[in-house]
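Residues annotated as domain 'Cation/H+ exchanger transmembrane' in TrEMBL: 84-465. As annotated by TrEMBL, domain 'Cation/H(+) antiporter central' applies to 524-652. Look at TrEMBL and you will find 75-93, 99-117, 129-148, 168-188, 200-221, 233-253, 265-285, 305-338, 359-376, 388-411, 450-471 tagged as transmembrane segment.
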Amino acid sequence: MVRVFPAGQPLKSNAWTWLAHSQAYHTRMDMTGAKFHTSNRGTAAVPLVCVRAQGSHAFGIFYGQNPIFVSYDMVLADLILMIFLIQTVRFLLKPFRQPRLVAELIAGIIIGPCLLGKSKRFNEIMFPLYSRFVLRTLGIFALMLWVFVSGVKMDLTLIKRSGKKHLYIAMVSVMLPFLTVMAIGLIIRKLMDNEMAKISSIGGIASGLSVTTFPIHYTVLEELNLLSSEVGNMALSVALISDSIGMNFITVFEALKQVDISAGTLVWYLISMVVLVAFLLSAIRPALFWIIDHTPEGQAVHESYVVAILLGVFVVGFLTDMFGLAVAFGPFCLGLLIPNGPPLGATLVEKSETILKEIMMPFAFAFIGLHTDFSAMTEAGWTTLGPLFTMVISGYVSKFLATMIGAFMVAVPSRDSLTLSLVLSLRGQVELALYIHWVDKNMIRLPGFSMMIFLTTILLATLTPLISVIYDPSKPYKVLKRRTIQHTPPGEEVRILVCIRDKKSVPSLVNLLEITYPTLQNPLSVYAFHLVELIGRANPVFIDHDNDPDPDDLSIRFPDSEAIRNALILYQENRDESVKLHFFTALAAKRTMFQDVCKLALNSKATIIILPLERQYDGEMGTAEQWGGGQTLNTEVLSHAPCSVGLLIDKAHRWHLPLTRCSGGTTSHDFIVLFLGGPDSRECLAYADHMVANPNVSLTLVRFLSSNPEGDDERQKKLDDGLVTWFWVKNEANERVIYREVVVKDGADTAAAIKAMAEEKFYHLWIVGRKQGINESLLEGLSTWTDNQEELGIIGDYVSSSDFVDADSVLVVQKQILRV
């Protein structure tokens, strides 16, 4: 038997108590006050508990041993149960647009005394006393690592780049709730118990309720695909500034809490904090930059450095807890010191985030759920919980109203102001760690802790769906004005937004610009957009290089960006004044890259967006190498673009069209347009008309007509006839232009005709419409031949993937879709 003796005053009977078995698992234990820790730092006394000594490993059930008597087996069983519950609840709540954190909190509540934990037998089997100690340790350990990774992702330079508008909103959204909660707390102070009535406790709770924590906002915005939206960018900037202000408040009241013990404790507390921060700044940060300097360009940080940094997290966590600071304070500061993004920050996040989020954090939510008891709230009554409830509700309401007022004062639109207020009112993992800290410091008791978990869950479950309903990030991209090549008047510059993934796609894109044939009479305005996946940092970044030439040493951290920009500048210089170049870089999550693309297209009044792809062959058919996690970027841009879109597929694996400006007028390159009718085909022909002006290009226009005209849209057919007639009349005397008509009865005839054209002559570039307005009879039966028709359309996918069609590149065009 193992005995644990009481470390303080004799315990009095209490309504809210935990159950234990006297023989091996749980015996009735009364723990007044805080009950998470068993040390002598402001924690409650622990009663006499007798438990059976448990082995750490079993011989096995074949030796007659029961695995529930082994702590190792029990912890694994608890972890399996928690992961299963979290994934099940997430699946059930997905239709209701609930964030992951709500599912995790509910899963923890399910195993706690509110539901399954009411059963004595369930507690004896799944959560005996000895396993709870392990769960608590692993839970705090997981929260410490999670706070560290969140610090790594945060980019403090965002504060420097934030405008006065963000600063004003942040100041109002922190100061007003803090003063409101503080005032209410002082007014109802007489109704509180002795610990909560202390100025340090009231101030600590007020500062915690006024702080807007960055990590939960990033997490929810990421789940809602709002990271790159206008509101998302503003919320992250405001949250980061608010954190900086609010953390100072929390630090001040943490120091005042030390005065409750003795003045000497306050002195040592301040000395410990200053020494720790000075050590991190003077020794650790230079070491981190040394690691980056000694990491070869384009490579990940060596594993030994990653291990050393993670070991440093444990060391700093040990020191902060030993000094009496909040256990997450040191790891969070260390995370902030690590330069985010590649190579160091990205490597740390990639190597630790998945196992931390999916395996370690369930321990934290199990620990929280086991200490969340709603029946204890009822037994405690309004007299006990009323003051805390009043402060919390006033904090939530004042936070929402203060943010709304601050946003209105700086002329933020009403819908955006409402959404911003909802986002900044969210509570998350940092708040959960803060609630645990409040219990450890005796600021609140376990009934109050249960109430805080309940209110946090309700708040998240209510506000998150509201945000997704109120704010539509694609609404700004809905324009009523035509932005297409076809509707661009002659002599007016064509604005092309070129999306660049890496250096390999640059030659092909430059040659596409070249064949567009910019001249002084028909100039070209190029908006080059380098898209970088957001790894190792939380906040997306959008950079206009015309106004911010080298922000945050971007050329050092992302050398490809500088190389791409230099190549495009060289192209522009060779085109004199016929080409204007604007270069942008965006660091964004894969799921939200399309928002940056559509937003830049809207602001630049682009005529067409060009997205490069590359074909990977597997026998006759192939699949496209995708942008942004599957087809996310391509399909989302096609769905939301405020202008036309072109998908440039590189088939030749030479990464460029073999185009140069030849001297003289000799034709050296052959292009073909497959005109199947509809808006997309008309946009193809309008783009091809610009290319025909190039004396080094010959063009073949092939119009497909159905032998059964019943499926034709008469309006679309008249528009097709008008544009084709205009093009032919314009180029009738041009020997480099050939016009053909092909009559087919079904998709097999269409495919056979395309195959015959490919065998007859080699065409460097095939231009096809995506799918709008095509007579279905022309494609009948072809849908079973293609694998990627949703993205490229049936003909586009067939031409770009078929081995019969030998070409350097294929351009699939979608005309702008007007949305209301």
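Quick reminder: no glycine exception, Cβ is built from N, Cα and C everywhere.
Predicted automatically and left uncurated, TrEMBL annotations should be read as such.
In this chain, the transmembrane segment (359-376) lies out of contact with the transmembrane segment (388-411); the count of Cβ pairs under 8 Å, excluding pairs fewer than 6 apart in sequence, is fewer than 3.
The transmembrane segment (99-117) is in contact with the transmembrane segment (75-93), judged by 3+ CB-CB distances under 8 Å for residue pairs 6 or more apart in sequence. Between the transmembrane segment (305-338) and the transmembrane segment (450-471) there are fewer than 3 Cβ pairs closer than 8 Å, counting only residues 6 or more apart in sequence, so the two stretches are not in contact. Here the transmembrane segment (168-188) has long-range neighbours at 202-203, 205-207, 209-212, 234, 238-239, 241-242, 245-246, 249, 386-387, 390-391, 394-395, 398-399, 401-403, 405-407, 409-410, 412, 420, 424, meaning same-chain residues at least 6 beyond its ends whose C-beta is under 8 angstroms from one of its own.
With pairs at least 6 apart in sequence, the transmembrane segment (233-253) and the transmembrane segment (75-93) have fewer than 3 Cβ pairs within the 8 Å limit; the two do not touch.
Only pairs six or more apart in sequence are counted, and the transmembrane segment (359-376) with the transmembrane segment (233-253) gives fewer than three Cβ pairs under 8 Å, not enough to call it a contact. Long-range Cβ contacts of the transmembrane segment (450-471) within its own chain (Cβ-Cβ under 8 Å, at least 6 residues beyond either end) map to 96-99, 101-102, 105-106, 109, 220, 223-224, 226, 229, 231, 368, 371-374, 376-377, 385, 388-389, 392, 396, 415-416, 418-419, 422-423, 425-428, 431-432, 435, 444. Within its own chain, the transmembrane segment (233-253) has Cβ neighbours under 8 Å at 154-156, 158-159, 161-162, 166-167, 169-171, 173-175, 178, 200, 203-204, 206-208, 210-214, 217-218, 221, 227, 273, 403, 412, 416, 420, 423-424, 538-540, 542, counting only residues six or more beyond its boundaries.
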